[in-house]
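According to Swiss-Prot, the GTP binding site annotation covers 108-115, 190-194, 254-257, on the basis of sequence analysis.
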Amino acid sequence: MITIFNKLKQSLSKTSNTISAGIDKIFYKRKLDKETLNELEELLISSDISISVVTHIIEEFKNVKFDKTIDSDTVKEAIAKLIEQQLSKSEIPFTLSENKLNIILVCGVNGVGKTTTIGKLSALYSAEGKKVAVAACDTFRAAAINQLSSWVHRANALLITGKASADPASVAYRAIEESIKQNIDILFIDTAGRLHNNKNLMDELSKIVKVIKKLDENAPTHSILIIDAITGQNTYNQIEYFNDVTNLTGLIVTKLDGSAKAGVLVGAVQKFNLPVYFIGIGEKIEDLKIFNRHDFSRSLVGL
């Protein structure tokens, strides 16, 4: 049986193979000196680990190991520990309130796997005995509601929809009222996939947030941005724009199994001080995993 850690290693292989092979090549019978450190710096930056994080790693190597012969496994172990330290703020649990409705706003650009992720989350919490509902606020795209309906049905959750082309904020409002009536534990609000620089769509998202707060000034419980690891450095722009509109509480990172740019997660956490609640490492429902910074850091460098 494949373990969660081994599954994670497989998912990160496109990134970790590059980093691991690069480290092996750089430190084959060589000292840790200025030349090898420059090569290591270039390797890590090319894997989309942010410059600030890479600079910190290089400085730590200078302080501890400079001008000494070192093997590649020792380098990988050291990098993994340093990356884990940089991710110290990433492992905040995805907490839910008891005996009240938890409103979870889920947003993201087109194609990041937002609807699929909501389906997986619905299945996860339904299996734990929670009453789950999903508000289909992507009202202008019929295919989105059909896709969501399939996932929600599999998760044994309640789907709340509006009429075609209905105001998304009105659907969110009705979904909250209906969820309160039915004693729902968790309501996921699925918003339209939008480009972060499309003002009209971002205004629509802002309106949904205002409607939620009319019903509960402390809501939403969580505002989650779904990002995919394939995006690379553009992830930073997405987080910045969506955070301005929704005051994000955390991230879910998808498509780690298809990306050679998984290192971007490290820089995103370090730059925005946002936790990573879950990561997607495959297409199956069970492939949405709680983020573990220790396992991620080691897998990223091929350990």
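Including glycine, each Cβ sits where the backbone N, Cα and C put it.
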Other C-beta atoms that fall within 10 angstroms of the C-beta of T191 (GTP binding site): 22
Site with most surrounding Cβ atoms, counting all protein chains shown within 10 Å, from the binding-site residues G108, G111: G108
For G111 (GTP binding site), the three-state class that DSSP assigns: coil
